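Feature annotations, reproduced from TrEMBL:
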type     : residues : note
DOMAIN   : 4-192    : domain 'ABC-2 type transporter transmembrane'
TRANSMEM : 7-23     : transmembrane segment
TRANSMEM : 35-56    : transmembrane segment
TRANSMEM : 77-103   : transmembrane segment
TRANSMEM : 109-133  : transmembrane segment
TRANSMEM : 140-162  : transmembrane segment
TRANSMEM : 261-282  : transmembrane segment
Amino acid sequence: LFGIRLGAVMVTGIILATMFWKLDNSPKGIQERLGFFAFAMSTIFYTCAEAIPVFLQERYIFMRETAYNAYRRSSYVLAHSIISIPSLLFLSFSFSAITFWAVGLSGGFSGYLFFFFFTFASFWAGSSFVTFLSGIVSHVMLGYTVVVAILAYFLLFSGFFISRDRIPPYWLWFHYASLVKYPYQGVLQNEFDDPAKCFVRGIQVFDNSPLGAVPNSVKLQLLKTMSHTLGTNITSSTCLTTGLDILKQTGVTDINKWGCLWITVALGFFFRLMFYFTLLFGSKNKRR
């Protein structure tokens, strides 16, 4: 099972690395970076769905041995959690090492460490969530259906398809309950939190508009007209959009990246605790 997960993670990492090879700091590069982060974070959670059969296959042994007082339920949950950490660390290192440098993400080595930590935290939270569901759902195929459906909802409300400011108020609670929101928001802040880095300069402001196909000479004339109207000098080298502007536009400024990291890790512990309670109240077969 670990070999399958590792293979899926590495194949996905290689595909992402080749698809998003060395992204530039242009308006198109912005959209491509957002797409990369959304797909990367969601893929991490989806690969965790393969942990569904683990407890379902161990359920009979667990029920029998706890019935004979071989160990406590808390001991099983603790051991189950600890033994998963080395494999999650290896998966996180493999994925982050393949993608970070190939895609050309920002921040250097410190930026890579943050990306690695968010990758590991996502694997940890996703694995904990799937483990918790495996304690509730007793059938493998039903478990896969429930996990895939819930993860799809998490991705929908993560802030990628629609920003937090545009989500209807009655669905805003689901945005903050989404497991994908926090790592996605964290890696975006890790990428775009440099105020000195520019992503749109001068005539690049027309790239994603119908005026993107007109000659550069016409674009320069338009910049002169805009400068005259706005009362400020806008040249072909004037920075019009920084990384902080992108963060504001995507609505991911409510929680900083450190907060997103600790929330993701805490959610992993929360679902492990919930897994313990499902075992505590769902398997009262103790012999006297």
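The backbone N, Cα and C atoms fix where each Cβ goes, glycine too.
Those TrEMBL annotations? Automatic predictions, nothing curated.
A contact between the transmembrane segment (7-23) and the transmembrane segment (140-162) is absent, since fewer than 3 of their C-beta pairs, 6 or more residues apart, lie under 8 Å.
Scored by C-beta pairs under 8 angstroms, the transmembrane segment (261-282) has its highest count with 109-133, from the stretches 77-103, 109-133, 140-162.
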